[in-house]
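**Q** Structure below; questions to follow.
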Amino acid sequence: MEASNAGGGSRHLLASLLAFILGGPNNYYVEEGEEEEESEVVIRKVVQWIRWAWEVVRESALVPALRLAVAMCLVMSVIMVLEKIFMGAVSLFVRLAGRSPSKVYRWEPFPDHFDEEMQQGSIDNHPMVLIQIPLFNERQVYNVAIRAACNLLWPSDRLVIQVLDDSTDFVVRELVKDECEKWKRNGININLETRDHRKGYKAGALKDGMKSSYVQKCEYVAIFDADHQPTCDFLKQTIPFLIHNPKIALVQARWKFVNADECLTTRIQEMSLDYHFKVEQEAGSSTFAFFGFNGTGGIWRIMAIKEAGGWNERTTVEDMDLAVRASLKGWKFIFAGHIKVKSELPCTFKAYRYQQYRWSCGPANLLRHMTFEIIAAKNATIWKKLYLLYSFFFARKIICHNVTFFFYTIVIPISIFFPQVVIPKWAVVYIPTTITILSSVTTPSSIHLVLLWILFEQVMSFHRCKAVYIGLLEAGRVREWIVTEKFGSNNMQNGMKADHKKPKSKLWERLNVTELVLGAFLVICASYDIAYRVKAYYYYILPQSLSFLIVGFGFVGNLSQANL
């Protein structure tokens, strides 16, 4: 009998708590035909006390905290959309006004007889150019950049190619060695430099490469990652900017993706990177003659590198680090969007996630290191400093990821459980719509994928936001460098065989637990909203939950060709 009473009491407690949590009746739950016993009175009082305590915590702590979070997110949303509008307006003005780099800066083509003289021998009045190609265990693409560099149109005795191979895979090292020897036999001035360590990763390799004796006579250095393939006239298009404009330190070309149509993941990446190049880089080049060097597909004035202090390995974004330091010294950059360098996009989610981690963690960590250095810079104007700290770092590298993840994935879904917390319609509808339009118009061929792009970017915002705080706090894997895995799409375009098989894996090996947890959380929020018609946010939250679950179960980044 006591056991029965205990079981009944537990059942009443559970029913009351459930009714309370779901916002049900305020009175204690008693089944029809039953009388309340003494033990049930105690349980009722406990439930009432719990309810009172919850209401106190809810009204005095949770609701104010959520309102504060909403207010902060609203401010960050405004910052983000204004930054997007500013960059979009600058980019549009540049196009409408025809302010191409060759119109703004002096650029004169090489004379018509250049190619003939180049084939006959030396052209002494042309600068010595160094090509640096850093490699690390990239078996599928090791020869792409080497082949492209060796085919550049430039006098053979005015061009030095330096292959920096840090590979730990002996087979790859032999392949790279054979490739270099093949081109050397063809009369190409190519030098292979290897290290028995990876100190400084890419920055360390580039830094050590600059110490070679044959580099001292070079005026400019072009850098290409293993999968990057410049056109043969790359130097003829970029060098004139550096020759005729002595304050120009860097000419950055735009990336053209050879495997953009490979799968949905690469199509979405193309949309994001097209916006980065066509808007962000264009706006930076046209306003303050500054933008972050992309690490490849660009050519530097070696004197500017030396004046800025050379390559620094303190973060995983050595390219951005060098660009900021050179800019603070008064050097200017040109983004030449009409010059394109072929490259390959990562086509697996794991590779893309590692890449985005490095690209998000590095800038945040660099901001931590350089804030006071930027403020104290003597050669930079107050406007340049403000642009660097507020626009380039704070708005684009910190605020952007926080808004995308915390506001749309955490704060808005949680607000469903707190009807008294009101989020303005303009923040939920108008601002994200504006941001989406501004970010997607740069790739009109993929405009039909915009909804999928939004959902995928929402998932990636979690990884980017986590990386930002790791960088700011300089914690955990802050200096972890994992080379982005490539599969040789450049080689396939050139008729060469590439290992392009998708590795088989079992379901539990593909699971991403964090994404599954976030997906389940969003399903709960959407279901509650549907059941109680609180705020009708489920139209947005439910698809978002599905995107997290799809990624969580590993159903992204396949290698099959897509005809979208």
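Using N, Cα and C of the backbone, Cβ positions are placed for all residues, glycine too.
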**Q** Can you identify, from 233-260, 429-456, the stretch that TrEMBL calls transmembrane segment?
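**A** That would be 429-456, per the transmembrane segment entry in TrEMBL.
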**Q** May I ask for the residues of the chain that lie six or more residues beyond the transmembrane segment (511-531) and have a Cβ under 8 Å from a Cβ within it?
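**A** Non-local partners: 409, 413-414, 416-417, 459, 462, 537-538, 541-542, 544-549, 551-554.
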**Q** Should anything in the same chain at least six residues away from the transmembrane segment (68-94) have a Cβ under 8 Å from its Cβ atoms, list it; otherwise answer none.
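**A** Distant contacts of the transmembrane segment (68-94): 100, 278-280, 282-283, 286-287, 391, 395-396, 399-400, 402-403, 406-407, 411, 415, 421, 423-424, 427, 431, 434-435, 438-439.
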